[in-house]
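This report concerns only the one structure given below.
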Amino acid sequence: MAGGFSVSGSGVEFEAKITPIVIISCIMAATGGLMFGYDVGISGGVTSMDDFLREFFPTVLKKKHEDKESNYCKYDNQGLQLFTSSLYLAGLTATFFASYTTRRLGRRLTMLIAGVFFIVGVIFNGAAQNLAMLIVGRILLGCGVGFANQAVPLFLSEIAPTRIRGGLNILFQLNVTIGILFANLVNYGTAKIHPWGWRLSLSLAGIPAALLTLGALFVVDTPNSLIERGRLEEGKAVLRKIRGTDNVEPEFNEIVEASRVAQEVKHPFRNLLQRRNRPQLVIAVLLQIFQQFTGINAIMFYAPVLFNTLGFKTDASLYSAVITGAVNVLSTLVSVYSVDRVGRRMLLLEAGVQMFLSQVAIAVVLGIKVTDRSDNLGHGWAIMVVVMVCTFVSSFAWSWGPLGWLIPSETFPLETRSAGQSVTVCVNLLFTFVIAQAFLSMLCHLKYAIFAFFSAWVVVMSLFVLFFLPETKNIPIEEMTERVWKQHWFWKRFMDDADKHHVVPNGGKSNGATV
């Protein structure tokens, strides 16, 4: 396998080969993203199926087939939106418990708990006889999302060698996109199965749920997690195993030092608010808010519903959603290749321009061609809308999609990493919930201007990246403070060298263990 060295801030070289166990562990752990993506993708297709609406939302079905209802308002129903968004509200709540389990029980066991929640939730959804069972199933799936999204990005960032950390971490987002595509393909097939096709759509979530559960049973926990829980020898043995070398002392000592400082922190959530941790916290929180206000989840949740609204028939709308799902997967592969080469900032800035232009174009086309009563786009215009949606999705998929998870998971010091990831997931799910719950109502009231609304947010977030987001590629995870935050023109003012938690002297010199 390929070998190499990761250079630490103190000049110490961390020897690390790209070993099969690292690749396999990362692939298995990243199936948590597969489950998340399937849950995101499946709800939009299911809620556009007449059989599903007849069973649970007959009033929406009636509105859908009545000409008197505005095209933009056919699906404006709080109960229907709650079906989609309840998952994210449950995930938000579960995140607080997941922070405790990742710290006390480890990353691996937390992923196993997520898998169990997913399996039980799938059973409830597939067998749902009424709306209550349906919502309970979504809530259980949401708990799984909370635990998985807490543990998986941390696991990937900690187990990966520094020089390919970005690419391996993006496996999580790649699996999210594959899950969405899988869901779109399933919906395209099950829409033709009457009257129980929707049950099959919801039940097939059991496949990614089983993969995550089995994966969590067989992967090793991260050295950082084992050492943090006092299992030093086991942590060193795992470090040797995953790095493919016996020469792990420098990296081991750095993790031990970071862990020692982490043990002194009794209240990690309170510690997040301390001045020296504010840059990481602000970046993590804003990245999650900005990620949702690109409008991506609004489009991915409701792609079939959205295309239906624009005048596509059910088959055509699901087919168009499959196309956008495929573009999502392929574009995320671009990020896997380029994130450790061109860096995080460049991908985000390029995507900002592309997302802005495509959303403005969609708003203009819809403003001209789709009115409250007329949705006859015409073949050429319809193709243009799909192309513009794909252009938008592709730019998101190689930027804000994966990097919204990668950057927070690699910037927090060990002492606040679990708490920081918890806040990251919590904010992400909170704003995902807000968008999921509000989108169909916003579409009803703003109409085509909803895309102009999201494009304005893209301008704001791109300016933030330009001025305030530091580059983190090829920086060892335990050395972000010294080599990133203390060097940044704005954030360095929050870094206090006198703070004993920053750099612990070792024979009069920094050993590079920053926290």
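Don't overthink the numbers, they just go from 1 along the chain as shown.
Including glycine, each Cβ sits where the backbone N, Cα and C put it.
Record features, source Swiss-Prot:
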TOPO_DOM  1-17  topological domain 'Cytoplasmic'
TOPO_DOM  39-78  topological domain 'Extracellular'
TOPO_DOM  100-108  topological domain 'Cytoplasmic'
TOPO_DOM  130-138  topological domain 'Extracellular'
TOPO_DOM  160-165  topological domain 'Cytoplasmic'
TOPO_DOM  187-199  topological domain 'Extracellular'
TOPO_DOM  221-280  topological domain 'Cytoplasmic'
TOPO_DOM  337-347  topological domain 'Cytoplasmic'
TOPO_DOM  369-379  topological domain 'Extracellular'
TOPO_DOM  401-422  topological domain 'Cytoplasmic'
TOPO_DOM  444-448  topological domain 'Extracellular'
TOPO_DOM  470-515  topological domain 'Cytoplasmic'
TRANSMEM  18-38  transmembrane segment
TRANSMEM  79-99  transmembrane segment
TRANSMEM  109-129  transmembrane segment
TRANSMEM  139-159  transmembrane segment
TRANSMEM  166-186  transmembrane segment
TRANSMEM  200-220  transmembrane segment
TRANSMEM  281-301  transmembrane segment
TRANSMEM  316-336  transmembrane segment
TRANSMEM  348-368  transmembrane segment
TRANSMEM  380-400  transmembrane segment
TRANSMEM  423-443  transmembrane segment
TRANSMEM  449-469  transmembrane segment
Paired segments the transmembrane segment (380-400) and the transmembrane segment (281-301) in contact, 3+ CB pairs under 8 A: yes
Cβ pairs under 8 Å between the transmembrane segment (200-220) and the transmembrane segment (166-186), at least three: yes
Whether the transmembrane segment (316-336) meets the transmembrane segment (449-469): three or more C-beta pairs under 8 angstroms: no
Per-state residue totals over the topological domain 'Extracellular' (444-448) - DSSP helix, strand, coil: 3 helix, 0 strand, 2 coil
Stretch in 139-159, 281-301, 423-443 most in contact with the transmembrane segment (449-469), if contact is a CB pair under 8 A: 281-301
Arithmetic mean of per-residue pLDDT over the topological domain 'Extracellular' (39-78): 83
Summary of DSSP states over the topological domain 'Extracellular' (39-78), given as helix, strand and coil counts: 26 helix, 0 strand, 14 coil
Segment proximity, the transmembrane segment (281-301) to the transmembrane segment (139-159), 3 or more C-beta pairs under 8 Å: no
